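Per TrEMBL, the features are:
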DOMAIN    59-737  domain 'Alanyl-transfer RNA synthetases family profile'
BINDING   His591, His595, Cys694, His698  Zn(2+) binding site
COILED    760-787  coiled coil
Amino acid sequence: MTLEKEYLDISFLKENGFVRKKCPKCGKNFWTVGEREICGDPPCGGYTFIGNSPFNRSFELSEMREFYLNFFEERGHKRIERYPVVARWRDDIYLTIASIADFQPFVTSGIAPPPANPLTISQPCIRLDDLESVGRTGRHLTLFEMMAHHAFNYPGKEIYWKNETVAYCTELLEKLGVKREEIVYKEEPWAGGGNAGPCLEAIVRGLEVATLVFMNLELSDEGDIVIKGERYRRMKNYIVDTGYGLERFVWMSKGSPTVYDAIFDGVLSKIYSSSGIKELREKDARNIIAEASKLAALGIPKDSLPFDIARKFEIDAEEVRQIIDLASKVYALADHTRCILFMLGDGLVPSNAGAGYLARLMIRRSLRLAEELQMSCELFDLIEMHKNLLGFEFEVPLDTIYEMLELEKERFRASIEKGIKIVERTVGKKKKISKSDLIEFYESHGLPAELVYRIAKEKGVEVEAVDIYSELAKMHSKAEKEKKEQIILKKTYPKTLKLYYENPKLFEFTANVLGFENGYLILDRTAFYPESGGQESDSGYIILNGEKFRVSKVLEIDGIVLHKIEGAGKMEGEVRGIVDSEKRLRHMRHHSATHLLLYTLQKLYGKHIWQAGAKKEAEKARLDVTHYKKLSEEEIRKIEMLVNKEVFANKPIEWFWMDRIEAEKKFGFRLYQGGVPPGKDIRIVRVGDDVQACGGTHCSSTGEIGLVKILSVDAIQDGILRFEFAAAEAALDAIAKMESILKESSKILRVEPKVLPKTVERFFEEWKEQRKEIERLKEELARVKGESLLRNAEDFNSIKVVVEILSADMSELIKIGDYLAKKGAVGCLMTKSEGKVFVVTFAGKDYDAREIMREVGNYAKGSGGGKRELAQGAVAMLPSREEVLRIVFEYLARKA
């Protein structure tokens, strides 16, 4: 089955003079008024709006956004506020990629109601799939605003569907001054995120300005509709999913050479002035850029563009290439800095993993562009300018964004300094640098492809011309789902009644056995808490007919709680459950303390602090948070004091269920610190002033948490801090362990605990002095041993040759070899240590120790490396002195 009928039944098109035609170039169907024979969608047609806008006036971004939202408000849509560009309500993607992503998966699947119906929004979106095209094509952006109107239709309750959607689009364009005969609706089935449907692309003078998706299909192996190789079936609900490009509307209204000129005018002026660029403002350059924009839309390869333009304007192709390259860097920088503003402003912290990886990628790419343009201003200056021009409010203030950028700049500089030698070493060994090499350089060492290109060019090594930045962005665009233990149940069971939510201090209960599969017991009700949200599961006992069975682990699958039972073959009837109360209470205290700690950190440092992981055990808990720098001891003590202040205030802790959409409206997406819970209704936990969606067990007041002790704070990776802490009895246990270590250390050093720090410092200084003395003695020993070896050396044309097997460690061999090399000797020293054979080769002037190492390695099945004077390595077998002496003599003979 096809979607043919879906397009034919849009009566609005037929009733308003639109005719369905097939484009002879692309073979796709489109609707038009008038004599048009081709669809006009590039490459079937070009941009004819550049320098020739069809709109009745020009718009700035804020004006166009307001015009659009007002238009739909006047037609019964409710305006809703934008969602963050960081998709906190999703567990499958990091960034908001479309306006419909705001409502996936719970609203689009019908589980939860929409925040309004119908609604209109202007949603900032980030897509990094075409990162390398940004700045070069004239139209690509990393961040763009998708103006949209959505209607969510349900069986028996239709808001509106295809006719009204096309009518709205036509009316909007005509109100802006576009003549009906200039509007083309091109048929293009849409699929994404498990859904699909017929789609019309609205094209005006070659530019796609809107996409009208009629989402009414879902993935299904039994589906009878095939789109892009996947089978789909009809959905019960059906959704109007539209997307109007705000920046494209502004571009069309101005008819500018590129979208960047239309929307970044002030920022571009700043880049031009701080880089000393004047030529891009000249008329000839503007014409070249406009032509490049038109040709890029037609799919002309970027390498061919300069020649095509040069022919048209009768100028030098190299001059054209330089103008296009320079303009693309300027445009990309203007675009990237706006994207960074939204990323960091909405709470991302740059790091080497997760969503933070994408922020770092954008920052580092921007730093390279700024360096190539030799800008006198900082990235932050451009970001601040974007903020002032946009007038948007962000969660994270500019001073925090400034700090993050400064740290990222330092880290990037350090990565480059450290990595240049690695690149030089690697490039020297290869004939060609591949795409995988470029990705490895960036992933492992943070080195940009441009730097690798430069070093490789200097050494005459070919580099594969590829787009690695888009590839890197794709590799890191989707969130990795937590791997859970997979247990397949043979039977179907009803959902378990969760007594731990009714009363978290219920430790004994009775229940009926529903099943027993693969050592897992299924009950109709339980007080045993399953492992979830970083909280370890309960343990305890199940008593059946007077016999006690240990519950070692508890899991939950689709609402069914499974109890791992040890030592039971079969279970049925009524059982009594006994939960380990001490363990449960410790988990509750640690879970409530986790909420307090996170709240305290957000209060102290700002809203860029987000939970990045958590674990609540009986002995201690850990909390990973996003933060861009390490904390001092004074800061850690202050955090600990503030958390305990909340504890001593004995504030109530409450939990309740709320409709998901209402909860998001009331508390925002900060609810989802610990992940995104499923379902229409979500469980809300309020710990003091902190509010989160949480399925864990908690104390009834902060006073019940008890003393909270922070045990350690470590940066487990850039941008992520790990707090380990303990509460109540667990805190006392941890303090007792610390005191025990302190007393034991004092006893060993025979000092009072209060003078232990000074004593340890004195011992450390003495140890350092002793190490220096040992090193001096080793150097002296190497000299003595070296002189002894020289006295007994072999002779080859007046060259002293030393080959010996010694009882020494590798560091001693290196010192002796270094001494012998300085004395002009040539040879090899070997030793066997801990089952391994180590080799050091050395060579005086005119010879190469690396070549000798290679030959010894070939003979003894090993390898090594080093400098011309001294090399080291390991081999599989210990060769005889005579064999190695022969290898060295043959080497010297060849060099003679």
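Cβ from N, Cα, C; glycine included.
A TrEMBL annotation is a machine prediction, not a hand-curated record.
Using a Cβ-Cβ cut-off under 8 Å and counting only residues 6 or more beyond its ends in the same chain, the coiled coil (760-787) has close neighbours at 745, 749, 806, 811-812, 815-816, 818-820, 823. Within the same chain, residues at least six positions away from His595 (Zn(2+) binding site) with a Cβ under 8 Å of its Cβ are Val685, Val687, Gly688, Asp690, Gln692, Cys694, His698. Around the Cβ of His591 (Zn(2+) binding site), 26 further Cβ atoms fall within 10 Å across all displayed protein chains. If you take every residue in the coiled coil (760-787) and average the pLDDT, you get 81. Around the Cβ of His698 (Zn(2+) binding site), a 10 Å sphere holds 25 further Cβ atoms from the protein chains shown.
DSSP assigns Cys694 (Zn(2+) binding site) to coil in the three-state reduction, outside any helix or strand. Same-chain neighbours of the Zn(2+) site beyond His591, His595, Cys694, His698, judged by a C-beta within 8 angstroms of the site's C-beta center, are, in sequence order, Ser592, Thr594, Ile653, Val685, Val687, Gln692, Gly696, Thr697.
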